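Scroll down for the structure; my scribbles are underneath it.
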Amino acid sequence: MVKAVAVLRGSAGVSGVVTLEQASEQDPTTITYEIAGNDPNAERGFHIHEFGDVTNGCVSAGPHFNPFKKTHGAPQDENRHVGDLGNIKTDAQGVAKGVITDSLVKLIGPTSVVGRSVVVHAGTDDLGKGGNEESLKTGNAGPRPACGVIGLTN
């Protein structure tokens, strides 16, 4: 079992912890998250970005992690970035908690996400269905109030 964690921080009061676990390269990865400080009762874009660089805030994280050169999509779509995790839903206090199981996100192997970044966006991800070029790249999910680098843990 390989385990990783990303501690999300940013300048907008959004923060949280994301843990990832994968038993083997063939198995799906379980992603557990608890993120506070978002708007209440909202959906926010949630992605893994290419770089583990947060030196200039979350902008330094680069684009969505996309080793297979696909367009942006929903987590269940065949055509999607590896980093496309869809939206997280917040409760009345602005806290999002949940578990995602994803077969494209890997901690083991050549497309591992270890060392990359998890980013929470300020807007809702349109899942590539927005009908414009930006939708096919980012889902029009907007600014990046919080991010964290994915690192191995025990």
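Each Cβ is built from the backbone N, Cα and C atoms, and glycine gets one as well.
Sequence annotations record features per position, and here Swiss-Prot assigns disulfide bond to Cys58-Cys147. Other C-beta atoms found within 10 angstroms of the C-beta of Cys58 (disulfide bond) number 26, with every protein chain shown included.
In the region 'Disordered' (125-144), helix, strand and coil residues by DSSP number 4 helix, 0 strand, 16 coil. Under the heading region 'Disordered', Swiss-Prot lists 125-144.
Tertiary proximity for the compositional bias 'Basic and acidic residues' (125-136) is limited to same-chain residues at least six positions away from its ends with a CB under 8 Å from its CB atoms, namely 43-47, 71-74, 77, 79-80, 84, 86-87. The feature compositional bias 'Basic and acidic residues' is assigned by Swiss-Prot to 125-136.
What Swiss-Prot records for Arg144 is substrate binding site.
For Cys147 (disulfide bond), the same-chain residues 6+ apart in sequence whose C-beta sits under 8 angstroms from its C-beta are Leu8, Arg9, Gly10, His49, Val54, Gly57, Cys58, Ala61, Ser117, Val118, Val119, Val120. Cys58 (disulfide bond) falls within a strand when secondary structure is assigned with DSSP. Arg144 (substrate binding site): 24 other CB atoms within 10 A of its CB, across all protein chains.
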